[in-house]
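**Q** Questions regarding the structure given below will be posed in turn.
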């Protein structure tokens, strides 16, 4: 009988994939997973299982393992730390060698790191809390089409947050009435108006008609105000070809910005669109529809900061990032954590803000965070203070819900933001005097 090469059967992952002595390399992609194992599964085994299944491992030793260098290609669980206040949870840190990932592909990055392990039997729940993207990998991405500085230069708007408004009712308006609402908001003083994320091309309003009427509204408002205006024309579609067709038509109309739903549209489509936008001078607004399906559970899924980093690599000039206002204090620090990850070049590790790794983006352009959803003019002082100048504040109902109509609603928001910025620049405390500032401005 043939001599036995190795023993068949199920093998403990930790023998190969748990390596506490490992020194991480500057080129490694690092991940922090919140792991909740099944009862009886030791932390080292669960952490190693995650490292194995998201890199080179399978449940047994295979002959072809001998044809490669596992040491060079395997993911490694290099550290495990308990989670305060949680008996059965811990953070597993995993290092992945750079060569496991295709250059310039967020799609491949996610397929590898979160593609398979989340259904793993030995785990009750698994959440990816953060990723460290090394410059060696981030440099293979184009990133945002233009970034914050280029956008300000294109729009000629400096020293204040930009203002937007989602056109409501989001479904049911005809293209002409929709265009009229766009015109009224832009004419009143907003910088942008927005297609809702689910406005694509429905029977009551086909995309081409909407694009034409919105372009007319933009041109009219620009001519009357002397300011550069935009409307986020949603190019999201059922196929990549159709999406590109819409983006190309937007460029032909001469509008400054288009929009995409990056999670429902997918990273591959989003990256293609981002490349087109840079090549053709279009800004790209990104909506995060479907994010809560992935990021809402505290112990399973992915934190939004990971989706935000992925978007910065895939490409977008704006991305929705929550509002903070009216929520808990802790939420504020965590939100500002990923807002910094979107805007800044270098972000220090800071666990109090949920940032598990120091992230160096080198020279990748930044993304403007968009605060949107249930905010109105009385939130303006808080929003100005929390988000600072490099942000887009979007008031849908907070503009169109004004008792006097759309244009007065837009005027109210513009007056409020300028009053808040001026008060802040004069050294007034917006947290304390915010309401007073708004009252004075409204006279």
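Each residue's number is its place along the chain shown, starting with 1.
Each Cβ is built from the backbone N, Cα and C atoms, and glycine gets one as well.
Here's the feature list from Swiss-Prot:
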- 7: N6,N6,N6-trimethyllysine (MOD_RES)
- 116, 166, 170, 288, 320, 372: substrate binding site (BINDING)
- 168: active site, proton acceptor (ACT_SITE)
- 194, 196, 197: Mg(2+) binding site (BINDING)
- 194: N6-carboxylysine (MOD_RES)
- 287: active site, proton acceptor (ACT_SITE)
- 327: site 'Transition state stabilizer' (SITE)
**Q** Of these recorded positions, 7, 170, 288, which scores lowest on Cβ atoms within 10 Å?
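**A** Each of the recorded positions 7, 170, 288 was scored by Cβ atoms within 10 Å; lowest is 7.
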**Q** Tell me which residues of the chain lie with their Cβ under 8 angstroms from that of residue 197 (Mg(2+) binding site), as long as they are six or more apart in sequence?
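**A** Result: 234, 236, 261, 287, 289.
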**Q** Closest of the recorded positions to residue 194 (Mg(2+) binding site), Cα to Cα, picking from 7, 116, 166, 168, 320?
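**A** Nearest candidate: 166.
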**Q** Measuring Cα to Cα, how far is residue 116 (substrate binding site) from residue 7 (N6,N6,N6-trimethyllysine) in Å?
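**A** Just about 26 Å between their Cα atoms.
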**Q** For a quick check of understanding: among the active-site residues 168, 287, which residue's Cβ has the most other Cβ atoms within 10 Å?
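**A** Top count of Cβ atoms within 10 Å goes to 287.
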**Q** For the binding-site residues 194, 320, which Cβ has the most other Cβ atoms within 10 Å, all shown protein chains included?
**A** 194
**Q** Roughly how many Å separate the Cα of residue 288 (substrate binding site) from that of residue 196 (Mg(2+) binding site), to the nearest whole number?
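**A** The separation of the Cα atoms works out to 11 Å.
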**Q** Look up residue 287 (active site, proton acceptor) in the DSSP assignment and reduce it to helix, strand or coil.
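**A** DSSP assigns residue 287 (active site, proton acceptor) to strand.
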**Q** Could you list the residues of the same chain, at least six apart in sequence, whose Cβ is under 8 A from the Cβ of residue 166 (substrate binding site)?
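**A** The list for residue 166 (substrate binding site) reads 193, 194, 195, 196, 372, 394, 396, given in order along the sequence.
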**Q** Give the residue from the binding-site residues 116, 372 that has the most other Cβ atoms within 10 Å of its Cβ, counting over every protein chain displayed.
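**A** Result of the Cβ crowding comparison: 372.
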**Q** What are the other residues, in sequence order, whose C-beta lies within 8 angstroms of the center of the C-beta atoms of 194, 196, 197 at the Mg(2+) site?
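**A** Close Cβ neighbours, site residues excluded: 166, 167, 170, 195, 198, 199, 232, 234, 259, 287.
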**Q** Which one is it, among the recorded positions 168, 170, 320, that lies nearest to residue 7 (N6,N6,N6-trimethyllysine) by Cα separation?
**A** 320
**Q** Have a look around residue 196 (Mg(2+) binding site) and count the other CB atoms within 10 A of its CB, chains all included.
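**A** Result for residue 196 (Mg(2+) binding site): 18 other Cβ atoms within 10 Å.
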**Q** Mind computing the max CA-CA distance among 116, 166, 170, 288, 320, 372, which the record assigns to substrate binding, rounded to whole Å?
**A** 37
